[in-house]
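Listed in Swiss-Prot:
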type	residues	note
CROSSLNK	5	ubiquitin cross-link
CROSSLNK	26	ubiquitin cross-link
CROSSLNK	30	ubiquitin cross-link
CROSSLNK	39	ubiquitin cross-link
CROSSLNK	48	ubiquitin cross-link
CROSSLNK	58	ubiquitin cross-link
INTRAMEM	106-126	intramembrane segment
MOD_RES	2	phosphoserine
MOD_RES	2	N-acetylserine
MOD_RES	5	N6-acetyllysine
MOD_RES	6	phosphotyrosine
MOD_RES	9	phosphoserine
MOD_RES	14	phosphotyrosine
MOD_RES	25	phosphotyrosine
MOD_RES	37	phosphoserine
REGION	2-95	region 'Required for homooligomerization'
REGION	132-143	region 'Interacts with SPRY1, SPRY2, SPRY3 and SPRY4'
REGION	168-179	region 'Interacts with SPRY1, SPRY2, SPRY3 and SPRY4'
């Protein structure tokens, strides 16, 4: 096998293994890959360019983690500390939060990324190789039960409820208001 390329929905070209002789679906696979590689820039399928400026492009943490000094500490009208104390408190809160977050992320960021990467890999693995096959198996197995249940309902319940419906269909109620 040799390295080849394919184009995703966004138009990025990725490297994938290509068979030298092609296959029944793409007999000229190698030649087609060479034509495509001349036209576009190649991206690796397992790497993604990350944005170092906008680190929350999907806005996951907008309403949870975005805590500023004004969200935590507030002095009501008529109860104010000295202006210097207020400014120093603001600076202390902001700088402490900023640098302590950086310290925690430096110490625990990579281990937590490793743990969460392993967790989501296990979760993906279980979903792909256990959950979906179990659900498909259950749906296949439940079809025979649903057919038996359907026959039971049509054989026993439908005639019973039709008979009850015919018995009660002739009941008439007349409401009269007496003056």
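Placement of Cβ uses the backbone N, Cα and C atoms for every residue, glycine included.
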DSSP says what for the region 'Interacts with SPRY1, SPRY2, SPRY3 and SPRY4' (132-143): how many helix, strand, coil residues?
-> 12 helix, 0 strand, 0 coil
Per DSSP, the region 'Interacts with SPRY1, SPRY2, SPRY3 and SPRY4' (168-179) contains 2 helix, 0 strand, 10 coil
Taking the Cα atoms as reference points, how far is residue 48 (ubiquitin cross-link) from residue 58 (ubiquitin cross-link) in Å?
-> 16
